[in-house]
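S.K.: These came from TrEMBL, pasted as-is:
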- G83, A85, V86, N90, S326, N358, L424, D427, S428: Na(+) binding site (BINDING)
- 1-12: compositional bias 'Polar residues' (COMPBIAS)
- 30-41: compositional bias 'Gly residues' (COMPBIAS)
- C189-C198: disulfide bond (DISULFID)
- 1-42: region 'Disordered' (REGION)
- 77-95: transmembrane segment (TRANSMEM)
- 107-128: transmembrane segment (TRANSMEM)
- 149-177: transmembrane segment (TRANSMEM)
- 241-258: transmembrane segment (TRANSMEM)
- 270-296: transmembrane segment (TRANSMEM)
- 316-340: transmembrane segment (TRANSMEM)
- 352-377: transmembrane segment (TRANSMEM)
- 397-424: transmembrane segment (TRANSMEM)
- 454-479: transmembrane segment (TRANSMEM)
- 485-507: transmembrane segment (TRANSMEM)
- 519-541: transmembrane segment (TRANSMEM)
Amino acid sequence: MSNSDQQVSNGFTTTTTTTTSAAQSTREGQGSGAGSGGPAPGLGHSASVPVGGFRTLVVQQTSLERPRETWSKKMDFLLSVIGYAVDLGNVWRFPYICYQNGGGAFLLPYLLMAVFGGVPLFYMELALGQFHRSGCISIWKHICPIFKGIGFAICIIALYIAFYYNTIMAWALYYLLSSFRPVLPWTTCTNSWNTGNCKSYIWNDRNVTWSNSTTSPAQEFYTRHVLQVHRSDGLHHLGSVSWQLALCLLFIFTIVYFSIWKGVKTSGKVVWVTATFPYLVLLVLLIRGATLPGAWRGVVFYLKPDWQKLLSTPVWIDAAAQIFFSLGPGFGVLLAFASYNPFHNNCYKDALVTSSVNCLTSFLSGFVIFTVLGYMAEMRQQDVDAVAKDAGPSLLFIIYAEAIANMPAATFFAIIFFLMIIMLGLDSTFAGLEGVITAMLDEFPHLLAKRREWFVFGLVCVCYLGALSTLTYGGAYVVKLFEEYATGPAVITVVLLEVIAVSWFYGTNRFCNDVYTMLGFYPGWFWRICWVAICPCFLLVNPCMFINMHCPNQIKPINKTNKWPLWHNSPCSPWLLPNPVNW
């Protein structure tokens, strides 16, 4: 009889075989002496035993692979995962989606989708990465080699995201640099970029009224000075590159490079600042917002439940999409981060902790945003829903920026707010590119392992060049196009194939045995049912609803003169864009 036990630690694989057959062990032991030469290489020394007795022969085979890098501390990993999961979408998208879909009632489908869809996928990716200790490409040789294309698709999607996501940080950096002055430039209508429709709002000035044609200084600063969209006709005529934004983006990518060029040892230290500072700022802004006049109106608007909304299918689809893109399975990041963990790390507890922090942060961000929106409604003498009509970047760069400009100590709050936006984005960029770097280094170790710094430099340069189209006068349209179409359907399809490959091809029982080897306990039936049935259904419904709910006609131009090109009006346009999964 023989029993085998495999231990994995720091990149070395050790296999131990115990043999209890006396005759067999005697034959195998004849070739190894007890003299000064010692046992044969790779074989443990065997003591003499009587004929017919029993002895144990231990055979050890150690791979000569390079030891895998590990996190310096457990908190480095946790902060990196939290920083990745808690991104700009938690600040601008969740509050808007929440009030649009029934306020407090939306929390019910949101939590259900988290429990039955998001968290099981999150847990699955952490366990896969930690057990196989591989990136999103090479991991498939252990699971099901025919699905290896999923890993390459993930890397291409990560590049798509890097092309537009960092541009939003460049906008925030431009705002940050513009904030170092006594009077914020988006508070007055006397600047060169302002139009005759611009009207400045001053608290307690009852002579100022708001109309549909009126624009605020913050809106014109964003659209006419930062983006300069009035100089572009749309996607078919983007215009020139804004050199100011190009310099801001260059600075952002410089920070990114020097944070990730040496691996998780360096990025794990950077996230101690970039992942914790946003929480400090959110707390400060929450306290400040709660003390503003009219803040209670925003909170009531945010949490007032509309239970009738739960009968609408789009509400459940929005909840699924929000939790899915917030937790972030399918981007290769969780696989990469978990692969640097110790083999017996409790990834189950990590999944529960980090996903809970992510959901609570989204809920907290809603209070931060809506206390200020209530203040804006009070200041403009409007209903909260009239103020909260904008979602996405405009919620941050127009509505919130205008609210900050009308606060006491506006310069201070503007600086910390836009610094928070930059740090939220940096964490996600660190993670996204680390997913690509880990995947490529694991797939081509002999070519890239000793050239990591140069590979990272080349990758950052490619991302910067790919982002230049988003820095043009019509770049906001490119950002919107990437955000709506280039990544959404692709990521959902990737995760659908991933969960099918693991649950149906690799096998749930086999995967649960892997988890037992690492953690000492098997995943319960709840997790197994989610992986086999609920998650695939959860992911299969989303792409179908995506086409129906995100038709191009619902994407409004940034100003009234801009139009989308005719090809964009096709209902199939999301699937015809360069999409690695749908080629």
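Our numbering is plain: 1 for the first residue shown, then up by one each step along the chain.
Using the three backbone atoms N, Cα and C, a Cβ is placed for every residue, glycine included.
Let's see these features in context: how buried, what's close, how far.
M.R.: In sequence order, A85, D87, G89, N90, F94, G118, N358, C359, S362 are the residues of the chain that are 6 or more apart from S326 (Na(+) binding site) and have a CB within less than 8 Å of its CB.
When other Cβ atoms within 10 Å of the Cβ of C198 (disulfide bond) are tallied across all protein chains shown, the result is 20.
Residues of the same chain lying 6 or more positions beyond the ends of the transmembrane segment (77-95) and with a Cβ under 8 Å from any Cβ of it are 71, 168, 264, 267-268, 271-272, 274-276, 278, 302, 322, 325-328, 333-334, 337, 340-341, 345, 350, 353-355, 357-358, 361-363, 365-366, 368-370, 391-393, 395-396, 421, 424-425, 427-428, 430-432.
Long-range neighbours of the transmembrane segment (107-128) within the same chain, counting only residues 6 or more positions beyond its ends whose Cβ lies under 8 Å from a Cβ of the stretch, are 98, 101, 139, 143, 310, 315-316, 319-320, 322-324, 326-327, 329-330, 334-335, 337-338, 347-348, 350-352, 354-355, 359, 363, 495, 499, 502, 511, 514-515, 518, 523, 527, 530-531, 534-535, 538-539.
Beyond the transmembrane segment (270-296), the same-chain residues lying 6 or more positions past its ends with a Cβ under 8 Å from any Cβ of the stretch are 75-76, 79-80, 82-83, 86, 259, 361, 364-365, 367-368, 371-372, 374-379, 407, 413, 416-417, 419-420, 423-424, 426-427, 430.
Listed as Cβ neighbours of the transmembrane segment (316-340) (distance under 8 Å, sequence separation of 6 or more from its ends, same chain) are residues 68-71, 77, 80-81, 84-85, 87, 89-90, 93-94, 97, 100-101, 106, 109-110, 112-114, 117-119, 121-122, 124-130, 132-136, 139, 151, 154-155, 157-158, 161, 264, 310, 347, 355, 358-359, 362, 431-432, 434-439, 442, 488, 491-492, 494-495, 498, 538, 541-542, 545-546, 549.
Same-chain neighbours of the transmembrane segment (397-424): 86-88, 90-91, 168-169, 171-173, 175-176, 179-182, 184, 186-187, 201-203, 216-219, 221-222, 226, 252, 273-275, 277-278, 281-282, 284-285, 288, 292, 369, 372-373, 375-376, 379, 387-388, 390, counting only residues six or more beyond its ends whose CB sits under 8 Å from a CB of the stretch.
If one looks beyond the transmembrane segment (454-479) by at least 6 residues along the same chain, the residues whose Cβ comes under 8 Å of a Cβ in the stretch are 159, 162-164, 166-168, 170, 227-235, 237-242, 245-246, 249-250, 253, 256-257, 260-261, 393, 433, 436-437, 440-441, 448, 558, 562, 564.
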S.K.: Determine, for the Na(+) site, the additional residues of the same chain whose CB lies within 8 Å of the mean position of the CB atoms of G83, A85, V86, N90, S326, N358, L424, D427, S428; present them in sequence order.
M.R.: I82, Y84, D87, G89, G328, T361
S.K.: Here's one to test understanding: among the binding-site residues G83, V86, L424, S428, whose C-alpha is closest in space to the C-alpha of C189 (disulfide bond)?
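M.R.: Of all the candidates listed, L424 is nearest in space.
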S.K.: By a simple count of other Cβ atoms within 10 Å, which of V86, C189, L424, the recorded positions in the record, is least packed?
M.R.: C189
S.K.: Let me spell it out: take the transmembrane segment (149-177), skip the flanking residues so only those 6+ beyond its ends count, and list any with a Cβ under 8 Å from a Cβ in it.
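M.R.: Same-chain residues near the transmembrane segment (149-177) but 6 or more away: 88, 135-140, 226-227, 244-245, 248-249, 251-253, 256, 330-332, 393, 396-397, 401, 414-415, 418-419, 421-422, 425-426, 428-429, 432-433, 435-436, 439-440, 443, 462-463, 466-467, 469-471, 475, 478-479, 482-483, 486-487, 490-491, 494, 497-498, 501, 580-581.
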S.K.: How far is it from V86 (Na(+) binding site) to C198 (disulfide bond), counting Cα to Cα, in Å?
M.R.: 35
S.K.: For S428 (Na(+) binding site), what is the tally of other C-beta atoms lying within 10 angstroms of its C-beta?
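M.R.: Looking across every protein chain shown, the total is 25.
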S.K.: Distance check, please: Cα of L424 (Na(+) binding site) against Cα of C198 (disulfide bond), rounded to an integer number of angstrom.
M.R.: 31
